[in-house]
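Look at TrEMBL and you will find 6-22, 34-53, 96-116, 180-202, 268-286 tagged as transmembrane segment. What TrEMBL records for 26-260 is domain 'Peptidase M56'. Per TrEMBL, domain 'M23ase beta-sheet core' is recorded for 343-437.
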Amino acid sequence: MVFYLILASTGLLGFWLYYFVVLRRTTFFNLNRWYLFGALIFCLLVPLTRHFVDVKGSVGAENESALESYASEILITVDTLQNRIVSVQQTTTTKIPWLSTLYFIVCGFFLIRFIWSFVSVGRLAKGCEEVELAKFKVYRSPHIDQPFSLFNRVFIPKKWDSVPQEILYHELEHVEKRHFIDVIMLELVTILFWFNPIIYIYKKSVRLNLEYLADRAVLSRCVDPLKYQSLLISNALESSIKSPITTHFATPLKNRITMMKKQKTQNWMRIALLGAIPMAAGLVAMNTRAELRAPLEESITPIVAVIETDTRPSGFPLDKEELLKVTSEFGIRMHPLLKEEKLHSGIDLTAKKGTPVYATADGEVVISTNVKDRGNYIQIRHSEIYQTQYTHLQKMESQVGDQVKKGQVIGYVGNSGQSTGPHLHYEVHENGKPVDPRLFME
């Protein structure tokens, strides 16, 4: 989960920076709308490909260096973030296992706020005077001072004796072009990425571009620009009900008037959009190619370690009083049965048969089975980084899908599989690779 959030956030930052520097001042408002919306969806989906695809070696050597170059540019952001996290790790003396809980609590708050926005607009509509206008509904409410729209509904102040056509054109443009899809999608993403400042800047850019689109539609109807701008200014002085899921007529003001006066961008400038392709290719490569993904995972590991303190293996999987001796450490050694040098990917802890074996961190059991060499063994996934294995068990107390807590009995020391005597072979895997368990034993 942490990897996904960081990777998606990195992508959003890259695409937004390109929009801010290259596309923001162009008058290709419709093109910019699809760029911002498409980049959002792209950044949400691409990090998921790391679980399904690994295209290592599937591209030619001439493309490999280019992909690595694009990926390295994106990694700069992650490296900066890593340095900030490392400094936090060096200065803090207490663990913060509550961070994950805090994240979901705030997500719940934003979700409730999102749902309440719909409830509030629905309740507002019930107390309004409804006027049919073609296939749209216009609601006159005494509780608002500024017009806004949602779905196929347009809300206007009841105190207005007549509705200026310019305002009606503006709100109907939002409705006809379904701008609410962009707004609602961004609010849903904000629920997950509330911690990332870039999502609020991104949301502001999307909303502003939607207002540019509506303004252009109004002016294309031969409306007097000065009269329209005067309406904007007069309505901007009014307060109104603000909802995260609605579009409002008079906000923001300065940028919109500036863009109305701006000369139309020449069509050949549309080619600037192609500049985002290398960045997209780099983001895909970072997620699908193991050799490019590895540096990113290493960079993010300290961040995850801070957040997921409960899911980082620690301590012994046996009671120290029950431990007789350590018969084999992690590293290259002579296999006692195969009589050849191999990587011993864990640590062998000798104890009496039937000694309880404990999970070394919270997690989910992903393997609970019997195989020829390992005998009865259990594998627990603690996070996107860490997994642990417990092999040669006499008996297994946990099944696939079980959620286990640190210190919970998951099995008992045995002599199953290819084993020379009762012991527990214990492994810790970090980013899919076995590492020395001693590094995690307090």
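The first residue you see is number 1, and the count goes up from there.
Positions of Cβ are set from backbone N, Cα and C atoms, glycine also.
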Key: Local confidence of the prediction over the domain 'M23ase beta-sheet core' (343-437), expressed as mean pLDDT   = 91
Remark   = Given 6-22, 34-53, 268-286, the one sharing the most C-beta pairs under 8 Å with the transmembrane segment (180-202) is 6-22
Ask   = What is the three-state DSSP composition of the domain 'M23ase beta-sheet core' (343-437), stated as helix, strand and coil residue counts?
value = 1 helix, 55 strand, 39 coil
